[in-house]
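Only one structure is covered here, and it is reproduced in the block below.
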Amino acid sequence: MGNLKSLYLVDMKRLSELQDSSPIAWIVAFPVSNERNAAVVDSSLITSMRCTNNAAQTNNVSSETYTCSCRDGHWGLACQYDCPGGPIAPCSYNGLCNKTTGLCSCDPNWRGNINCTTCSPGWHGIDCSVVVQSSNNHTAAAFGHGYIITLDGTGYNFLGNGEYHLILSQSFEVQARLVTCFSSSSCFNAVAVRIGQATLLVHSRFATQEEPVVFAHGKRTYSLEFDIGPANQKFMFIRSSRLQFVISSIYGVQLIIRLYDRYLDIHLRVDNQTYCQTSQGLWGSCNFNSYDDLSSRDGEVVTALNVSQSYIHDLYGKSWLVMQKDSLFVYDINNYHEQRELYGGGYALHFNNTGAQTGEIYSFSSSDITIEFMVRAESQNGTLLSYTSTKMFAVVLDSGKIKLRYEDTILDTLAVIQTHKWNHIALVWSISTRILQFYHRDETGLRVHSRNFPVTSSVNLFQPGGILALGYCQPAPGGLGIPLKEGFIGQIDELRIWNQKLDPFSISANWRRNLGCSTRIQNLASLWKFNEGDGTVVYDCVSSAHIRFQSGVWQGPRWVYSTVEIPHFSVDIVTAYSFRFGSTWINVYRTCYDLVFGSSLTSQYTMLNTATLWFYHMSCVTSVTRSSHHSDAYWALMAVSDFYQLFAKQSSWYAKTLCNQVSVVNFPEWYGQNCAKHCSFGLPDNIRGDSCVCMKGFYGVNCSRECPGGYNAPCSGQSSCNNITGKCSCPVTSNYTRDCSVCTPGWIGSDCSVALVEMTAIQTTSRAKDLEQHITQHLMELVTVLKPMENST
């Protein structure tokens, strides 16, 4: 409600005179939820809630009926008792104290005693942060939100950012890339393999509707199957389905890569110890000693008994970063602007004469407000942002200068945009003084420009209920006299609206501050992180003023990786790793428990110990609390199925029974009522549900066969491929081969569109014209010679 701290006043005397049939209702005009709500209170509740959130001053419980809400660390009817660990550290910070019973509900890794001070069986370390799966048959995993299991069975969580060695040996190497994802977390989005001197890279989808990217020996490839590596240790690469890749050899090594969303999971089994006995990296080595897998690159030995999460994050994990000269990765693929070094910006929107806008926005009040955002311009002109209610206000670029426009009035800020660099722009509007303050800070942070503009109009520049547009001007109903600037070219990220007038010090502090969505921030009315990275909506994670891409004349912008230099996480490291993250974790806990321990899947994993199952349960909770998508709970179940399939050398993939619970975009090839049908390179038919719709370039009942010419250019781009028979309908000019790749005799050209007979005719005609010109020239020369002779006679 802006700066209105005492919004309501209740007269308790008059309230007590009312009857139960006379409810009291408050109508809030513009709440944070962006909706009009009514709160109704029954008069019978006037005697309740007399207890504050402070612990009771006395141990005596009053006979008068009331409800006491206890602070953390206290319990009882009057909050008169201390929880185990005391009010300073209830449940030793490793669990949740029940406010009624005083009992601790310990985190899964802290259940060695009732007070949450001892590790659960199978968990180790100073802070119980490491689990040991013994034995694990030299099966390693890297999945979900930075969850890792080493070759000897040590499991831990690492929220890194960058390229890391998973396994490093003389002849075999696996590198993985961790990137910031969702809310203060990290996910794997690419994996690279070196076999001898041969290299292979698999990059996950940049958007869920796109294809993954594969590079072999530094060049992009679309082959589904090929050999890689020297002759004496040859590996086979196979893309086995739409979401899975397998790299294996007859020498006892198998690597499985599975796509999920825009990320991927990686699993490895090594039966030949020559590949891993002395290996190093985040997957350690396979020497049958799970307690030495957490040694850093510089040789610091920390066992699973005395390890801590801070050691893993600050020392061990970072020590296995890949040096640039050793990197196997390729960047700036598909114009997503991905760079090797990324910060906490996640994603941004790139505008190129495109636009996006909110609906009518009520997240802020009709009082003082502040609007701030990051912009990286690639052009000298265009509209960055506009807000339109009854009048129009905009921030525009004019020959590189940043100007403010209110209707047809243009205010020159005298600030110059830094192109191809990130600029921080803030607007502060004081409705009482009617002064608009402008702030501009360049990428270095050393140069700050500000100006104040008195506004003589009585209209509120930012009246609630207007439309916020990015990349273009949304004209006011009355129209404009001066033409609008053309569309903006560049990137926008980290847009915020505050229900208060920020001072210069606060604006300076916000310049490189990563604000999060998991906790409420005072007076923050709207926050657009632009970290969706996919789809056509930018969500306001504070209110419901979501930004939607435009269609028609103004096409939508596109997602790119952001290079804004802000911290990777919006929370501290301890919170980022916390099991009890956000406000929904309790409900998520039950959902994941039912999936991991309450489903029939658990009975299949007979060789996994209880601690390992809890490790996957914690991964499940992390996936949901960080993404806020309950469907992501199934990510961990698919990961444990991949692990167990390699670990136990099972032919069955147990998670296939979940096919009707998981989005088809992220679920493997199983579908149907009993999940018994197979669809390798396609998606189940949403309408019929009993058939498989093939991806481009595939055919057959199960979409398991590749069209002639390959899936990237089926039928060599000359015709479509029949999705049942796989036959190309080659045109007559290129039907010499079944994949339409060779021109029919008599036709040439890249698309076989030029007939040789026409060329012959053209050449003959050309020669005839040349001969005609040659004879004419000679006749003219002869006439020139004969004419003087005729005159002389």
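Here the Cβ of each residue, glycine as well, is placed from N, Cα and C on the backbone.
Classification of Cys68 (disulfide bond) by DSSP places it in coil, neither helical nor stranded. The disulfide bond annotation in TrEMBL covers Cys51-Cys68 (among others).
Over all protein chains present, the Cβ of Cys70 (disulfide bond) has 23 other Cβ atoms lying within 10 Å. The feature disulfide bond is assigned by TrEMBL to Cys70-Cys79 (among others).
Annotated domain 'EGF-like' per TrEMBL: 40-80, in sequence order.
For the domain 'VWFD' (138-328), the model gives a mean pLDDT of 94. Residues or ranges marked as domain 'VWFD' by TrEMBL: 138-328.
Comparing Cys68 (disulfide bond) with Cys79 (disulfide bond), their Cα atoms are 7 Å apart once rounded.
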